[in-house]
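Structure, as structure tokens:
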Amino acid sequence: MSVAGRNKSLPAARNAGGTVPNVSLGEGNTITGGTVIGGDHIIYNIHPHAERRNSTEDRDSLISDITTYFDLKSNSRAIHIDVRKKRIPATGNWFVNSKEYQEWKATKGAVLCATGIPGAGKTVLMSRVVDDLLPLEESVDHKICVLYIYNRYNEALSIGDILKWFILQILQRHSRDLVDFVKPLYRRGRLERTSPSDEDLMNMLLRLEGHFDRIYYVVDGVDEVDRKYQFDLILALGQLQGNLIFASRPLEDLRTELRNAKYVNLLAQDEDLRLLIDDRLRRYKGLRRVLESHLYREEVIAMIAEKAAGMFLHAALQIEALRSCLSLAAVEAKLEQFPAGIEGMYAASIARIENQDPELVVIAKQAALGVNPETFSVEKSLMPDKDSIVDLCCGLVEVDTESDVVRLVHLTARDALEPFLLKDFPQPHLFISKVLAQRMADNNLPRYTIVEREDFVAHIRKEPLLGYAYHHWGTHVLECGDGPEAVDTAMAFLRQCSSFPRLTWNGLDLLKPLHVAANYGMSIYLSHAFAPRQTLSESSRQPAEQAFNSIGVNATTMLGSTALTIASTDGHVDFVKRILTIHSINANARDRDGSTALLLASLLGRGEVVKELLQVYGIDVNAADNEGWTALMLASEEGHDGVVRQLLQFHGIDVNAAANDGGTALVVASQNGHDGVVKELLQVHGINVDAAKNNGWTALMVASQNGHDGVVRKLLQVHGIDVNATLNDGRTALMVASQYGRDGVVRQLLQVYGIDVNAADDEGWTALMLASEDGHDGVVRQLLQVHDINVNAADDEGWTALMLASQHGHDGVVNQLLQVHGIDVDAAANDGWSALMVAAENGHDGVVKELLQVHGINVDAAKNDGWTALMCASRNGHGDIVRLLLEYGVDTNTADNNCDTTLIVASAKGHEAVVAQLLECPGIDVEAANKAGDTALSTAQTQGYASIMELLTNFIQSRSIRDNTSKGEKRRLGTPLDDSGRPTKRARS
């Protein structure tokens with residue numbers, strides 16, 4: 001659990017003579033001077049000079065490492081380049097010039113849903129949108145960021161993948177300094193060998209958003225995201241603060257889950273269809289000659305557009321079908337035959353393939369794998385030319401020029417073509433499984449020797465077919481059923497597996513045959529492995545015994561997994577059922593991390609597997625892994641309501657069991673906002689609602705910190721809950737909720753009788769201070785409505801809420817605090833800093849204006865080292881604040897403990913405009929000197945500020961002329977003067 005930081009570096013860094021040796025923060029980051037807060041505290045505005053951080057090469061290397069760590073399967077930048085190459089110039093201009101799009105583009109935070117029927121050209125239009133937005137990033141007046149993602153059915157992306165890609169685009173295309181924000185997430189993940197959660201990624205993206213004035217998100221193909229992720233994706237993207245534009249087929253969730261969204265219907269416009277047809281006619285010269293010789297071009301275009309009914313894909317398939325026509329009569333006949341719907345066009349394309357040369361037809365339908373029919377190996381010498389295959393497929397496939405991947409032309413083609421292809425391949429899975437098994441064998445996967453996860457991932461990524469074989473061989477085998485040929489084929493492959501690789505969350509395991517069967521859920525092979533001798537066929541008895549009976553049912557892999565734990569992890573229910581019937585099975589066997597089958601199934605929400613395991617006599621429901629986590633904790637953390645319900649019904653379940661860090665099921669469920677799980681747990685008799693982790697975090701605290709209003713509501717309904725419980729550092733639930741700006745949680749907590757609104761942590765910080773420092777206006781407003789709130793409370797260093805809000809420029813919070821009767825506007829920290837000083841120091845002119853409106857404020861107050869607000873503003877060149885203070889009537893000649901005046905300070909820092917303002921002040925002492933004897937002029941001369949030297953010299957000379965003129969006038973009037981030109985004592989009397 002991370003602890004939020006406090007900004008206390010500023011006052012310490014400003015103490016006269018108060019410096020510390022160079023402090024290394026790691027990775028070459030060194031702070032010279034000032035004070036660094038240790039532990040988990042975050043340092044915000046450190047003003048002393050910092051050594052140059054990582055070089056450009058270091059940052060580029062780190063970005064490259066993060067890219068590898070994120071391990072994305074798809075590259076939307078490559079997809080965009082490919083789509084743009086294929087897009088005909090001027091296509092989509094109508095959309096980017098439309099009123100709806102222009103209003104969306106101009107309105108900050110707007111959401112536009114562009115929905116259209118399949119084949120309407122949504123992806124092409126989104127690529128046009130991206131190209132329209134990208135030039136905005138070159139703006140010098142605003143920091144603008146454009147992020148985009150292309151979802152494709154054959155490269156399914158999860159929500160995490162999409163968030164990762166957005167983060168990577170920011171790092172790769174914008175300030176490399178932002179990589180420092182992502183570095184802790186990356187390092188923690190590499191150290192723990194875990195992938196970042198969707199919540200971590202979303203929080204990171206929201207944090208990065210804050211570095212831009214405007215941010216645009218373009219999301220194509222929401223409907224092509226895996227159906228089980230669509231709803232959550234829409235909810236996730238709805239949290240983003242930038243402008244969002246979606247392209248999708250019509251989805252109900254887009255209508256109901258996006259607030260304040262506007263909708264536009266997409267259909268291919270006639271002008272875009274004409275561009276497409278013209279482009280194709282330029283390529284198909286024979287067809288063009290036929291049409292132009294008969295003056296039939298315009299009529300063909302009109303007929304194609306009419307049949308297409310707003311579908312680019314339909315028009316493209318029509319023109320593809322016409323390319324072979326050699327006469328006008330053939331063209332007319334084809335146009336007449338074209339069906340209206342897209343499914344009909346797919347059927348027509350298949351018919352065109354059928355009508356070609358029979359040998360070519362076979363090649364086209366076998367997807368050009370280049371498979372030897374005898375060995376099932378892929379041989380390059382048998383593989384047809386890629387372009388020839390594309391031509392043979394009559395527009396049904398396309399090649400991604402960036403990735404060189406051949407894919408169906410559209411998502412809808414997959415379902416539409418299946419019945420046509422099954423006519424020629426009624427049992428495709430057996431053939432496919434043989435090819436995939438052989439592909440793995442040819443790459444030595446059954447006897448794999450590499451043990452590094454990254455090396456194996458790189459290995460299977462080099463060849464798409466190998467990666468597909470590794471992940472999906474078992475699926476095709478299971479589709480074959482228990483036919484003898486399929487069983488024998490699979491058994492033959494399994495017998496080869498002496499060290500088959502299995503990707504785990506933190507490494508690479510090596511499996512024996514039984515484990516491989518568990519990995520793919522092949523339960524039928526348990527019968528062959530552990531059946532009595534007489535039940536096996538004569539042909540399969542000997543190999544089966546050699547392959548399986550040489551190891552027991554509880555045999556472990558290299559990483560300590562058993563077949564049961566593997567099958568339970570992957571949710572292979574049938575396999576689990578069958579292996580649990582084997583007499584010697586150990587249902588409580590642990591892997592290297594101490595996890596049992598029940599723990600793993602609970603973690604991943606495998607409800608059916610959990611049901612089977614809980615029926616096993618002697619199952620240890622309270623077993624804990626090496627970190628002390630039980631099945632109940634794991635299921636609760638992940639929000640698996642159904643699994644939690646099953647576990648709680650098991651007699652003897654320990655609902656208050658604690659992990660090594662002290663966390664309980666209730667704590668982890670509350671932390672992640674799982675309302676349903678929390679409700680289930682709170683119904684259990686004896687649940688300890690105040691149980692705390694070793695560092696003091698309770699369920700109420702973690703729910704409050706993360707803003708889980710529903711969980712907080714349920715917890716506060718528990719009689720006797722301790723709302724004032726404290727962390728090890730003294731913070732309460734109210735304090736952490738205030739610190740993170742959780743308005744809803746704060747509202748609930750303030751309604752609890754006995755809540756201590758003035759509670760302070762070990763450093764003296766109150767809820768009001770924490771909310772004020774981070775500018776949470778809504779929380780501050782609620783706290784100030786509490787009758788006995790102490791608005792002038794100070795921490796151990798003397799800082800108040802007003803000072804903290806002023807330091808960070810939170811105008812709204814400052815305004816609220818100043819309206820409170822009795823607020824001490826001149827309160828000073830232990831080292832003398834006041835609210836006015838810190839606002840002036842940091843250039844927050846809005847706060848300074850608010851403070852100067854307070855009657856009686858001491859504008860000339862000085863820190864312990866003698867520095868005033870005017871000196872702080874002058875040193876940092878904040879001209880607007882200097883002007884405000886001068887208009888108020890501050891003392892311009894005040895000097896600090898070193899006798900430095902404001903004019904000397906501004907001259908030393910080279911702030912010419914500030915010096916000019918000061919010289920306009922009546923009575924400014926331009927010749928004042930500090931303890932070293934330096935004046936403003938000599939200081940400017942030492943620093944080499946020629947323009948300031950000129951200003952000061954001209955001022956001194958001008959004043960000298962004025963003085964001489966004044967002396968002459970006085971002499972002319974007969975006033976006696978002394979040697980210095982002043983009236984004599986007698987004359988003055």
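Each residue, glycine too, has its Cβ placed from N, Cα and C.
Per TrEMBL, region 'Disordered' is recorded for 1-25 (among others).
Mapped onto DSSP classes, the domain 'Nephrocystin 3-like N-terminal' (91-231) shows 81 helix, 22 strand, 38 coil. Marked as domain 'Nephrocystin 3-like N-terminal' by TrEMBL: 91-231.
In the repeat 'ANK' (559-592), helix, strand and coil residues by DSSP number 15 helix, 0 strand, 19 coil. The annotation repeat 'ANK' is assigned in TrEMBL to 559-592 (among others).
For the repeat 'ANK' (593-626), DSSP puts the residue distribution at 15 helix, 1 strand, 18 coil. Among the features that TrEMBL reports, repeat 'ANK' is placed at 593-626 (among others).
What TrEMBL lists as repeat 'ANK' is 627-660 (among others). Counting residues 6+ beyond its ends, the repeat 'ANK' (627-660) has Cβ neighbours under 8 Å at 594, 596, 598-599, 601-607, 610-611, 614, 621, 666, 668-669, 671-672, 674, 676-677, 680-681, 684, 686-688, 691 in the same chain.
Per-residue confidence over the repeat 'ANK' (661-694) averages out at a pLDDT of 96. The annotation repeat 'ANK' is assigned in TrEMBL to 661-694 (among others).
TrEMBL lists 695-728 (among others) with the feature repeat 'ANK'. Within the chain, the repeat 'ANK' (695-728) has long-range Cβ neighbours (under 8 A, six or more residues past its boundaries) at 1, 3, 661-664, 666-667, 669-675, 678-679, 682, 689, 734, 736-737, 739-740, 742, 744-745, 748-749, 752, 754-756, 759, 761.
Look at TrEMBL and you will find 729-762 (among others) tagged as repeat 'ANK'.
What TrEMBL records for 763-796 (among others) is repeat 'ANK'. Residues 4, 6-7, 729-732, 734-735, 737-743, 746-747, 750, 757, 802, 804-805, 807-808, 810, 812-813, 816-817, 820, 822-824, 827, 829 of the same chain, all 6+ positions outside the repeat 'ANK' (763-796), place their C-beta atoms under 8 angstroms from a C-beta of that stretch.
Marked as repeat 'ANK' by TrEMBL: 797-830 (among others). When Cβ-Cβ distances below 8 Å are used as the criterion, the repeat 'ANK' (797-830) is approached by residues 7-8, 10-11, 44-45, 763-764, 766, 768-769, 771-777, 780-781, 784, 791, 836, 838-839, 841-844, 846-847, 850-851, 853-854, 857-858, 861, 863 of the same chain, each at least six residues removed from its ends.
Residues or ranges marked as repeat 'ANK' in TrEMBL: 831-864 (among others). For the repeat 'ANK' (831-864), the list of distant contacts is 10-12, 14-16, 45, 797-800, 802-803, 805-811, 814-815, 818, 825, 870, 872-873, 876, 878, 880-881, 884-885, 888-891, 894, 896: same-chain residues at least six beyond its ends, Cβ to Cβ under 8 Å.
Using a Cβ-Cβ cut-off under 8 Å and counting only residues 6 or more beyond its ends in the same chain, the repeat 'ANK' (865-897) has close neighbours at 14-17, 831-832, 834, 836-845, 848-849, 852, 859, 903, 905-906, 908-909, 911, 913-914, 917-918, 921, 923-925, 928, 930. The repeat 'ANK' annotation in TrEMBL covers 865-897 (among others).
Under the heading compositional bias 'Basic and acidic residues', TrEMBL lists 963-972.
What TrEMBL records for 963-989 (among others) is region 'Disordered'.
Note: the repeat 'ANK' (831-864) comprises 15 helix, 2 strand, 17 coil (DSSP; helix = H, G, I, strand = E, B).
Summarised by DSSP class, the composition of the repeat 'ANK' (627-660) is 16 helix, 1 strand, 17 coil. Helix, strand and coil counts from DSSP across the repeat 'ANK' (797-830) read 15 helix, 2 strand, 17 coil.
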